[in-house]
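Peer 1: According to TrEMBL, the record shows the following:
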type	residues	note
TRANSMEM	B:27-46	transmembrane segment
TRANSMEM	B:58-91	transmembrane segment
TRANSMEM	B:103-125	transmembrane segment
TRANSMEM	B:181-200	transmembrane segment
TRANSMEM	B:229-247	transmembrane segment
TRANSMEM	B:268-289	transmembrane segment
TRANSMEM	B:301-319	transmembrane segment
Amino acid sequence: MTLAHQTLALQTLGLSKSFGGFRANSDISLCVARGARHALIGPNGAGKTTFINLLTGVVPATSGTVRLLDEDVTRVSQQGRVKRGMARTYQINQLFADLTPIETVGLAIAEREGAGARWWSRVGQNSAVVDEAEALLTRMKLGEVMMWRTATLPYGKQRLLEIALAMACKPKLLLLDEPAAGVPEDERHDVLDSVEALPQDVTVLLIEHDMELVFSFADRISVLVQGQLFAEGGVEEISTDPRVKAVYLGEDAHV
Amino acid sequence: MLSKPPSTRPLGAQAPSPAAFLQARAAWRWPEILFWISAFGLILLFPNRHLLLNEIAILGLFALSLDLILGYAGIVSLGHAAFFGVGAYAAGLLAKHGVSEPVTGLLLSGAAAGLVGFLASFMILRGTDLTRLMVTLGVALIFHELANRLDWITGGADGLLGISVGPILGRFDFDFAGTTAYTYSLTATFLLFLLARRIVHSPFGLSLKALKDNHLRAATIGIAPNRRIVAIYTLAAVYAGMAGALLTQTTQFVSLEMLDFARSADALLVLVIGGSGYLYGGLIGAIAFKLMKDTLSAMTPAYWIFWMGFILVILVLIGRDRLMATLARPFAPLLKLLGARRP
Ligand SMILES: Nc1ncnc2c1ncn2[C@@H]1O[C@H](COP(=O)(O)OP(=O)(O)O)[C@@H](O)[C@H]1O
Ligand SMILES: [Mg+2]
């Protein structure tokens with residue numbers, strides 16, 4: 001038990017969320033091993049985004065427990081969870097429209113380093129922060145546009161910035177909510193490549209509809225249907241599971 | 001992708017380094033320098049307008065203080081006069097009870113307003129714009145009523161009488177033309193502006209912008225909003241209080257008018273005219289607002305409020321930016337150089 005515990009990046013126990021009478025997540029118990037590439041799939045409205053919101057503390061759980069790296073964080077604030085190593089992206093972009101990518105990422109790095117509230121120094125003076133931000137943005141193929149206003153970036157670049165911003169928090173556990181959703185075909189590769197290129201020491205929980213990406217990326221897959229865990233297993237197991245095919249993969253999936 | 005000119009990159013062949021790009025935001029531009037040289041130059045010019053200029057400087061500082069919370073942190077307020085009033089009464093009471101040196105009075109009054117702002121800030125931490133409007137309005141109404149009721153301290157509806165303000169730093173006496181007053185208010189405004197400018201270009205200032213821009217994402221990258229909101233709200237209250245203290249000291253009178261709702265509204269109107277979020281909006285807006293008010297009330301003493309309202313409605317409906325762009329094309333690049341977004 002203890003041994004199993006120590007190798008878990010994330011564990012939820014009976015996690016549930018009701019909106020009024022509607023149970024968006026019910027009784028979800030999920031384990032994500034450290035260093036895993038875990039995918040969470042399921043039809044639209046299954047409650048995947050709600051699950052991420054519960055994990056990160058954006059919305060409080062109705063009941064159940066969230067454990068991050070062997071610590072109960074159910075009642076820890078969003079910021080506290082970030083400090084403990086959890087970062088996420090949003091399915092619908094949540095960026096700072098008026099800021100540039102270099103400012104956006106710099107902000108997160110400065111915050112992480114405890115330098116985010118300095119009021120006497122100038123933005124850009126802290127070369128450790130600027131250098132790290134520049135390196136990260138370049139790595140994320142945002143080097144060309146790092147001085148653009150975020151609102152003017154092409155959609156694919158904004159999706160990349162979502163991931164870069166989460167990575168700027170130096171997470172131990174990264175939650176990606178449909179990173180490639182809505183990205184036009186010509187920009188899609190950049191996003192998929194960035195997801196594939198995520199460092200191995202970061203545990204990733206990926207929500208995605210693109211089955212090609214899921215099957216090539218994940219080593220373990222959980223299927224969520226109507227707020228409940230429906231199936232879980234290795235890629236082979238899930239991709240050949242007839243029940244999963246029936247409820248989810250359907251005819252339009254690229255399997 | 002490169003064929004589309006990025007909006008924030010300066011024109012020119014070579015892109016600056018990220019550090020240079022970021023620090024360039026805080027660099028002084030020549031229109032700013034020109035602005036302050038002109039403002040101080042007016043001490044020598046137009047000696048018969050110094051009383052009006054003094055009022056403009058004070059209104060500018062007051063609006064600048066509102067800009068700190070509205071333009072940078074996105075906190076709306078309908079009751080900013082509460083802090084102006086606290087500072088004004090504090091300065092009056094200090095002068096009446098023995099602390100007659102203005103700079104000392106100014107600092108203490110700012111501290112008093114800051115203390116009130118600090119306490120009030122906890123009420124606006126949570127909630128929507130609407131609840132913030134109501135809470136700030138309510139706080140200002142309470143202070144207005146307190147000043148009215150506690151007439152044995154404040155003089156109530158008659159105002160605080162018997163204020164005697166000594167010479168500044170024991171050396172510069174106030175004169176009837178208002179030259180000392182304007183010099184004093186402008187100097188205070190300038191120094192406070194420098195501090196504000198420093199702060200808005202700091203990491204702290206940037207995090208405020210982020211909070212304003214996207215509260216959810218700010219939390220997601222670990223920014224805890226409360227302490228920062230308390231800090232900027234307190235600072236804004238200090239500034240507003242100092243503006244109030246300046247008015248008391250330079251007019252040697254305090255009345256309930258200092259706490260009027262109309263004063264809070266004026267500050268908002270000034271920012272509507274001048275724009276928010278680039279620090280000069282309050283100062284430029286104050287100039288335009290006072291001159292408009294002065295001109296209109298001279299032209300049509302009975303209807304100036306109507307015309308003032310009319311102009312403001314036009315301004316809001318058409319949009320200050322578009323109006324500026326069409327009516328005052330030569331003025332627009334200047335605003336842009338001062339740092340206004342989308343002039
Ligand atoms: N804040 C909310 N209030 C009410 N219902 C919500 C809220 N958030 C999500 N839901 C509902 O919960 C269900 C699951 O939504 P979501 O988690 O976004 O699904 P998915 O990400 O799997 O598509 C949907 O029916 C949605 O309408
Ligand atoms: Mg979703």
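Glycine is treated like the rest: Cβ placed from N, Cα and C.
Nobody curates TrEMBL annotations by hand; they come from automatic prediction.
Map the listed features onto the structure and describe their local environment.
Peer 2: Listed as Cβ neighbours of the transmembrane segment (B:103-125) (distance under 8 Å, sequence separation of 6 or more from its ends, same chain) are residues 75, 77, 82-84, 86-88, 90-91, 94-95, 132, 135-136, 139, 165, 168-169, 188, 225-226, 229-230, 233-242, 244-246, 248-249.
Counting residues 6+ beyond its ends, the transmembrane segment (B:181-200) has Cβ neighbours under 8 Å at 26, 36, 39-40, 42-43, 50-51, 53-54, 57-58, 60-61, 64, 68, 72, 102, 106, 168, 172, 174-175, 208, 235, 239, 242, 246, 249-250, 279, 283 in the same chain.
Sequence-remote contacts of a segment are chain residues at least 6 beyond its ends whose Cβ falls under 8 Å from one of its Cβ atoms, and for the transmembrane segment (B:268-289) they are 32, 35, 56-57, 59-67, 70-72, 78, 189, 193, 196-197, 200, 312, 315-316, 320-321, 335, 338-341.
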Peer 1: Which residues of the chain, 6 or more past the ends of the transmembrane segment (B:27-46), have a CB below 8 A from one of its CBs?
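Peer 2: Distant contacts of the transmembrane segment (B:27-46): 53, 57, 179, 182-183, 186, 190, 280, 283, 334, 337-339.
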